[in-house]
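Here is the structure we will look at.
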Amino acid sequence: MFPMVTEFMNYGQQTVRAARYIGQGFMITLSHANRLPVTIQYPYEKLITSERFRGRIHFEFDKCIACEVCVRVCPIDLPVVDWKLETDIRKKRLLNYSIDFGICIFCGNCVEYCPTNCLSMTEEYELSTYDRHELNYNQIALGRLPMSIIDDYTIRTIFNLPEIKS
């Protein structure tokens, strides 16, 4: 008789403990119900990137002196600089400049060490394509400035995200 009573008491204690755990989990769920959502609806809402965000590289062809500092400081020797030495003025003339963003690690060394500031980082981060060869940008593609997220009227920008409390 006693083993049956103790089993019944253990079953009751386990039931109460399980109900308490379920209640605790439900209270956590309810505490999150009155908070703002953490995620954004990406194609229709975009976050404003910070000032120091390292996105696609912008290149100004007229400022470049073909010194190749960007190639030397790049950890993967990525920028391709084609130039021709003009003997009459004894200066290099830039012919072609290209960067393959399929390989680029966006470290920003080329921008930081450029002596003429012809390279800069933009806020553009949507570089996805169906063909990886489309990620090889020449000086014309690098010279285009991206459309600012703030200026795009089709997208609702998110200025202030709720801060996560730890």
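Here the Cβ of each residue, glycine as well, is placed from N, Cα and C on the backbone.
Summarising the annotation, Swiss-Prot assigns [4Fe-4S] cluster 1 binding site to Cys64, Cys67, Cys70, Cys114 and lists sequence analysis as the type of evidence. When secondary structure is read from DSSP and collapsed to three states, Cys70 ([4Fe-4S] cluster 1 binding site) falls in the helix class.
Annotation comment: Swiss-Prot describes Cys74, Cys104, Cys107, Cys110 as [4Fe-4S] cluster 2 binding site, evidence class sequence analysis.
Residues of the same chain lying 6 or more positions beyond the ends of the domain '4Fe-4S ferredoxin-type 1' (55-84) and with a Cβ under 8 Å from any Cβ of it are 49, 91-101, 103-107, 109-125, 127, 137, 139, 142-143, 145-146. Taken from Swiss-Prot, the feature domain '4Fe-4S ferredoxin-type 1' applies to 55-84.
If you look up Swiss-Prot, you'll see 95-124 marked as domain '4Fe-4S ferredoxin-type 2', on the strength of sequence analysis. Residues 49, 53-65, 67, 69-70, 73-76, 78-84, 132, 135-139, 142, 145-146, 148-149 of the same chain lie 6+ residues outside the domain '4Fe-4S ferredoxin-type 2' (95-124) yet bring a C-beta within less than 8 angstroms of a C-beta in it.
Taking Cys64, Cys67, Cys70, Cys114 as the binding-site residues under consideration, the smallest Cα distance to Cys104 ([4Fe-4S] cluster 2 binding site) is found for Cys70. A count of other CB atoms within 10 A of each Cβ picks out Cys70 as the most crowded of the binding-site residues Cys70, Cys74, Cys104, Cys107, Cys114.
Counting only residues at least six positions away in the same chain, the Cβ atoms of Leu94, Tyr97, Thr116, Cys118 sit under 8 Å from the Cβ of Cys64 ([4Fe-4S] cluster 1 binding site).
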